[in-house]
Amino acid sequence: MSGAPPPSSGFAPRSYGQQPLSHAPRSSMMSVEYDGIPLPPPSIRSCGSQQYVTSYIPTGAAFPPSSVQDMISSMKSYASATDLVRTYSEIPSVEEALSTLDRAAAALNARRYRDALKLYLEGGYAMANVAERQANPKICNLLTSKGFETLNWCARLCDWIEGRIKEKHPRPGVHKVGIPVSNWDEDWVGPFMDEEEARRMWYTPVYCPHPIDFSNLGYRLRCVETGRRPRLMICITMYNEGPQQLKATLKKLANNLAYLKEQMPGDEKSLTGAFAGDDVWQNVLVCIVADGREQVHPKTLDYLEAIGLYDEDLLTINSAGIGAQCHLFEHTLQLSVNGKCLLPIQTVFALKENKASKLDSHHWYFNAFAEQIQPEYTAVMDVGTMLTKSALYHLLFAFERNHQIGGACGQLTVDNPFENLSNWVISAQHFEYKISNILDKSLESCFGFISVLPGAFSAYRYEAIRGAPLDAYFQTLNIELDVLGPFIGNMYLAEDRILSFEVVARKNCNWTMHYVKDAVARTDVPHDLVGLISQRKRWLNGAFFATLFSIWNWGRIYSESKHTFVRKMAFLVFYVYHLLYTAFGFFLPANLYLALFFIVFQGFQQNRLEFIDTSEYSQTVLDCAVYIYNFSYLFGLLMLIIIGLGNNPKHMKLTYYFVGAVFGLMMMLSSLVGAGIFFSTPATVHSIVVSILTVGVYFIASALHGEVHHIFMTFTHYTALIPSFVNIFTIYSFCNLQDLSWGTKGLHDDPLLAASLDETEKGDFKDVIAKRRALEELRREEKERVENRKKNFEAFRTNVLLTWAFSNLIFALFVVYFASSSTYMPVLYIFVASLNTCRLLGSIGHWVYIHTEGLRGRVIDKSECGNGTGRYPQNSYVQLEEHYAALAEDQRTYASGRTNASVRTVNDVSSAA
């Protein structure tokens, strides 16, 4: 048999009835074959004007030419559409055909349905015609399939225009297209997966203005179609990183799957059966979300295409006329290292059409993909993060051992720290990361509240974050900044801190956070001071306002959550510590200045340096030393404020390096003088204890955790850069509070764009003039709104900057003129020693917690405590199956020719589900 049956409304396909998720056979997703060559798929009716088509398109041989000619000549199938349009002009090139379909999508968005029908019909015919002139079989078949799809859509759109379909706004249906991958190795497949899964990549253009409607609009991930439901989903966010970073991240994930596979069932430290054995890869789904099609590194796309996870031709042709916000590629990867094959990785590559933000990428991941899968656990990480081979195992083990844990993070470290010891910026960050893990996260984990689970590598129990916590997490995506204001806008620069707090304070729950030391991940960090300034601006602003938010809303833990009385009392202790630590950080620039002033320069002036006799110097020389110090320090601070207001750090690189070097020399001089004073004066118990609790804590805690060599090798680097961390980063951050580009740029639709799309330029002359005047008025109001928002944000920036600067200035002047070194320094030492004592006790407590795990497991069973059930949250997934069953029933109703049947809309079906 040759030729394809014309895709008419009366044709009933034989194997396209959608079944519930867990029962849909793979064969039902294939198109009808003739003489061994799959022909273009007929349309599938599922709901209103919507459709769901899954078709596999071969690329080795072209479709028979007669099938295309039969389709074009069968005009009776499109009689209604032709009567409406009555015009047809052949478009001679692929570029013009694609452009016509894009204009059709724009007309459809503007609700100019008859114009859209005309353009879709022209574009569909053009696709079918230009396909015959393509020498490449792959391009020929893709164009032919697109032509069939578009003309079928024209027939359905015509039915809607003439009132035969009841639906509010018609949209092209879901069309998932599969093509063979080029790098398939038939010798590799072996026992892990079948040939079909290994050879095929699937692409779906996604039109979904709101990701939460992904499932309701009929989109399905490939693993759902094949009856799989992964228990662990991993989100990898990507922006413009190179291919080497993505390659390293994926291979480290494959190593983690191999480690999970080798776990022995029944062992005391083994995971449940889903995360062990040869089929462990089927319970893990990796989602790579790229923020903007134009922003992705071209070589990264080349790498993705090489491994079968991207195809430019497929995207260009099949997304035409859809107006897709996201391009979805799905494939089970086959990676190898040095000829050794790794476990398969079920992978989804979501390429967003427009740049929005990392938060928007998480919005797609959580509300579209994870909401459909309903995994038990979900992890988030950045491209470039490299997990050690057992990192995922340790996180999953913590979740399975204690079902009260709602979120957990591993130990994040700097990549190749010892190879970069000559780079002081990298070494200082390595010290900071280590101390944060050893002291801060260990302390917070003892209380059950980790202030921030880093987006570079952390994991959550999906049950703990689904609902209210995620709604709060994505708040800035749904509400305009004019309404939120600058405080909340800056707070959401550290949205992961908000998510952590919302999980712990969740109403009627008692979730806790946990730090897993053995789950180690290496990450790439900024290599120079300028790059670090830009990064820390986002971190510091977000952390400061998020901390104020958590302090202000701490009462929710007591009034809304179901934590035990003992846990709430522990949170009260942590709240006091958190409050003192935040206050100390606010006045840290003044305290740093005062410490340098009293230790070095006033000691030099008053001959209090035991190892240097300054009595022989004239008073003028002694006073000049103090004046020079004050002038240099103040000049450096003023310079930082001036260049921080409205200047990009990249344009002031030399200035920042100069100021950082001056502050670094002052800090090193202070450290040497302080060491000289300590070793030249008689030792007392008080001085030894204070010294240990201020500086020795870093070495004691790191030695306890077996990482003291990291601290020894990078302590000098960090000491020299302390003034840069305190002064440069903080001043630049407060000088740019009005800049929220990291968390909010491009997150909101432009109302002017929507207005221009709705403008039809139809009607009489007066109507057109009135519409143009209305659009001009809208533009004027939008301009005023943007200017007012800019003024409000800049005023907020100025007020906060002045408050912070004058608070530190007044505090420093008060101490200098009304206190002495003998009064201030002991108070400072005791305060710092007290905070560090708390951190040390927390580090020791976490060390004891780790090394008594076996004993606690025999005494305390937390496998069924808390909110976790240890099972899937089945309710939502059952609703999803009911939703797709309803779509399948609508499809069968339409295909059987029962034209009088009541066809439900997508919203009606989702409400019923």
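Each Cβ is built from the backbone N, Cα and C atoms, and glycine gets one as well.
The active site annotation in Swiss-Prot covers Asp496 and is backed by experimental evidence. Every protein chain shown contributes to the tally, and the Cβ of Asp496 (active site) ends up with 23 other Cβ atoms within 10 Å.
Taking the Cβ of Glu241 (UDP-N-acetyl-alpha-D-glucosamine binding site) as centre and 10 Å as the limit, one finds 18 other Cβ atoms among all the protein chains shown. What Swiss-Prot lists as UDP-N-acetyl-alpha-D-glucosamine binding site is Thr237, Glu241, Asp291, and the listing cites experimental evidence.
Marked as N-linked glycosylation site by Swiss-Prot on the basis of sequence analysis: Asn420 (among others). Shown in sequence order, Val414, Ile426, Ser427, His527 are the residues of the chain, 6+ apart in sequence, with a C-beta less than 8 angstroms from the C-beta of Asn420 (N-linked glycosylation site).
Taken from Swiss-Prot, the feature N-linked glycosylation site applies to Asn510 (among others). Using a 10 Å radius centred on the Cβ of Asn510 (N-linked glycosylation site) and all shown protein chains, the other Cβ atoms total 19.
According to Swiss-Prot, the N-linked glycosylation site annotation covers Asn867 (among others), on the basis of sequence analysis.
Residues or ranges marked as N-linked glycosylation site in Swiss-Prot (evidence: sequence analysis): Asn900 (among others).
What Swiss-Prot records for 1-27 is region 'Disordered'.
Taken from Swiss-Prot, the feature transmembrane segment applies to 539-559 (among others).
Residues or ranges marked as transmembrane segment in Swiss-Prot: 581-601 (among others).
The transmembrane segment annotation in Swiss-Prot covers 625-645 (among others).
Under the heading transmembrane segment, Swiss-Prot lists 658-678 (among others), citing sequence analysis as support. With a threshold of 8 Å between CB atoms, the same-chain residues lying at least 6 positions outside the transmembrane segment (658-678) that come near it are 529, 595-596, 599-600, 603, 609-612, 629, 632-633, 636, 639-640, 687, 691, 719-724, 727-728.
The feature transmembrane segment is assigned by Swiss-Prot to 684-704 (among others), with sequence analysis given as support.
Within its own chain, the transmembrane segment (711-731) is flanked in space by residues 417-418, 421, 424-425, 427-428, 430-432, 434-435, 529, 532-533, 536-537, 540, 588-589, 592, 636-637, 640-641, 644, 656, 659-660, 663-664, 666-668, 671, 698-699, 702, which lie at least six positions past its ends and keep a Cβ under 8 Å from the stretch. What Swiss-Prot lists as transmembrane segment is 711-731 (among others), and the listing cites sequence analysis.
Positions annotated as transmembrane segment by Swiss-Prot: 800-820 (among others).
Positions annotated as transmembrane segment by Swiss-Prot: 825-845 (among others).
When Cβ-Cβ distances below 8 Å are used as the criterion, the transmembrane segment (625-645) is approached by residues 589, 593, 596-597, 600-602, 604-605, 652, 655-656, 659, 662-663, 666, 727-728, 731-732, 735-736, 801, 805 of the same chain, each at least six residues removed from its ends. When the C-alpha distances from Asp496 (active site) to the recorded positions Thr237, Glu241, Asp291, Asn510 are tabulated, the minimum falls on Thr237. Of the candidate ranges 539-559, 581-601, 684-704, 581-601 has the most C-beta pairs within less than 8 angstroms of the transmembrane segment (800-820). With respect to their backbone Cα atoms, Asn510 (N-linked glycosylation site) and Thr237 (UDP-N-acetyl-alpha-D-glucosamine binding site) stand 29 Å from each other. If you look at the transmembrane segment (539-559), the same-chain residues 6 or more away from its ends with a CB under 8 A from one of its CBs are 451-452, 487-488, 490-495, 497-498, 501, 504-505, 568, 571, 575, 578-579, 582, 729-730, 733-734, 736-737, 743.
Listed in sequence order, the residues Ile236, Met238, Tyr239, Asn240, Val289, Ala290, Lys358, Ser361, Asp382, Val383 complete the 8 Å Cβ shell around the UDP-N-acetyl-alpha-D-glucosamine site centroid, once Thr237, Glu241, Asp291 themselves are left out. In the shown protein chains, 23 other C-beta atoms lie within 10 A of the C-beta of Asp291 (UDP-N-acetyl-alpha-D-glucosamine binding site). The Cβ of Thr237 (UDP-N-acetyl-alpha-D-glucosamine binding site) has 24 neighbouring Cβ atoms from other residues within 10 Å, across all protein chains displayed.
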